[in-house]
Amino acid sequence: MAFDVTLFHAINNLSAKSDSLDALGIFAAVFLLPMLGVLLILAAFTIKRFKEEHWYELPLRAFVAGAAAYAIKFVVGALVARPRPFVSFTEIQNLIDMETAYNSFPSGHASIAFAFAFIVYKADRDWGIAFLILAALVSLGRVFVGVHYPLDIIGGAVVGWFAAWIVNKLERVQWSKLERAMRVR
């Protein structure tokens, strides 16, 4: 845990030194995750497998994985109840307001972002790498603004991977049934 705190301070100490860097950090921490949802739709229209009539399948899978990741995050968070860095260390730079002081582990933003990324990676390697980079930027932003430790991010990435894995396993069985149910007759 000492390394976790040391790495947190190394990243967070970069904040509140440059308005431009702070703006980028806040953008990554707060606004980049919703933008991934829009990018999912763009990715779905450009990935050959989804281009034509099944464009909705990739965003649907990603959102199901994201919802599963968020649910898992709440269960794990209730069991761990780790305080956020701004609760443990009053001297840190906290650039955004948070409603909850606890449930820092795992990061919900990282869980959802990595769930999206791993779903996209399974569909298309190039888009998947781009999404993994964006998920890492969301996660780095959360540490930069002072609301998560690096281990919270790693935990979130694992939760996101697990949720994506579950959705991909269910793919073989359930997606064809879901598609039939969604088809307009």
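Every residue, even glycine, has its Cβ placed from backbone N, Cα and C.
According to TrEMBL, the feature domain 'Phosphatidic acid phosphatase type 2/haloperoxidase' maps to 58-168. Marked as transmembrane segment by TrEMBL: 23-46, 58-81, 101-121, 128-147, 153-170.
Distant neighbours of the transmembrane segment (58-81): 37, 40-41, 43-44, 47, 50, 102-108, 111-112, 114-116, 118-120, 123, 155-156, 159-160, 162-164, 166-168, 171, 175, 178; these residues of the same chain sit at least 6 beyond its ends, with a Cβ under 8 Å from one of its Cβ atoms. Beyond the transmembrane segment (101-121), the same-chain residues lying 6 or more positions past its ends with a Cβ under 8 Å from any Cβ of the stretch are 29, 32-33, 36-37, 40, 43, 58, 61-62, 65-66, 68-70, 72-74, 76-78, 80-87, 127-129, 131-132, 134-135, 138-139, 142, 147-149, 151-161, 163-165, 167-168.
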